[in-house]
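Encoded as structure tokens, the structure appears first; notes follow it.
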């Protein structure tokens with residue numbers, strides 16, 4: 001199998017066929033990375049198009065390193081073209097008093113791309129389509145199966161076979177129980193998130209709501225408001241063509257009727273709500289979602305008994321949004337799996353999947369812990385006593401400087417020993433005490 005300097009191999013040259021279920025950020029990245037490594041890819045997504053709702057997503061340097069190999073840089077160029085055009089990040093208290101204004105230059109922020117979640121998915125999906133990969137949208141997988149030599153899915157009563165199956169269908173995964181026998185309870189974290197994104201035309205003619213467009217000027221703006229047990233973020237994207245907002249509460253307060261009405265109620269006693277409410281109230285009802293937040297340790301067993309199926313992304317290790325790493329870690333999962341398959345080869349697919357789990361587990365567990373700490377920081381602001389009572393390093397090197405592909409080359413053999421001989425090992429990409 002010929003491999004070029006970037007690590008890319010000729011299409012379908014490895015002899016390995018990979019079925020991927022779920023085309024969120026993790027599944028899309030897995031499909032693209034597996035294709036880059038010479039594997040044949042078959043994709044299934046139950047929705048007729050990629051998932052649209054959400055707010056902003058931040059592609060950080062640890063994931064951007066993976067994307068640099070896609071399309072000779074064309075995917076990174078697309079991220080740069082659609083990233084938020086910001087010059088400052090502003091922090092306010094619940095009265096609307098500006099507490100902090102930090103410089104931000106989207107064109108100089110090293111390997112850090114903030115953009116609409118739906119735009120990111122569109123960019124990934126379009127790149128995948130350009131690769132002429134076998135993609136089935138609006139297709140439900142009803143069953144999973146494996147033998148000693150193959151694995152597959154059942155779709156429309158038909159069994160489709162491959163060398164391995166990647167289950168990347170999210171935190172409420174339907175495939176996970178069939179891959180791992182481990183119970184996967186999702187205890188709530190006593191927290192709720194509300195997220196919205198809509199076109200700026202919804203507020204453009206309303207003088208009480210369009211103030212944010214004036215604040216954005218020729219570019220975009222990003223404002224965060226902190227109160228006790230509550231944080232509100234809002235701003236613009238794609239040169240103020242879109243409005244986004246999100247609200248995080250430490251309480252479980254899922255909306256009984258309208259998510260917008262629930263958020264307006266949550267911020268109702270904030271003095272600044274008189275400024276925020278007209279904007280929030282313009283949100284189209286189908287452009288807002290509410291979610292109970294979950295966190296738990298990663299699934300202990302990502303790989304099926306016969307080693308032919310693996311769970312990746314939020315299906316294996318859900319993150320709180322405060323970690324800012326959900327999609328980024330899914331991208332890392334994808335890159336590590338594809339490379340492990342390339343190194344192990346067709347005869348050792350089960351080993352590749354088990355090595356992937358070993359290389360990834362400690363890192364995602366550490367990042368999950370950081371997400372809880374970040375949540376506690378953001379929801380425990382006390383402006384009367386100096387603001388943040390807890391402070392985390394914004395861009396720790398162990399997290400953002402990690403090169404997951406380099407790690408595979410350096411630690412593959414150690415992970416093999418951990419899998420085959422039961423060696424206890426510490427792997428890279430985690431904080432050093």
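Yeah, the Cβs are placed from backbone N, Cα and C, and that goes for glycine too.
Together with 45, 117, 327, the FAD site in Swiss-Prot holds one more listed residue from 132, 314, which is 314. A 10 Å cutoff on Cβ-Cβ distances gives residue 314 (FAD binding site) a total of 24 other Cβ atoms nearby, all chains included. Residue 45 (FAD binding site) has a Cβ environment of 25 other Cβ atoms inside 10 Å.
A gap of 11 Å separates the Cα atoms of residue 195 (active site) and residue 117 (FAD binding site).
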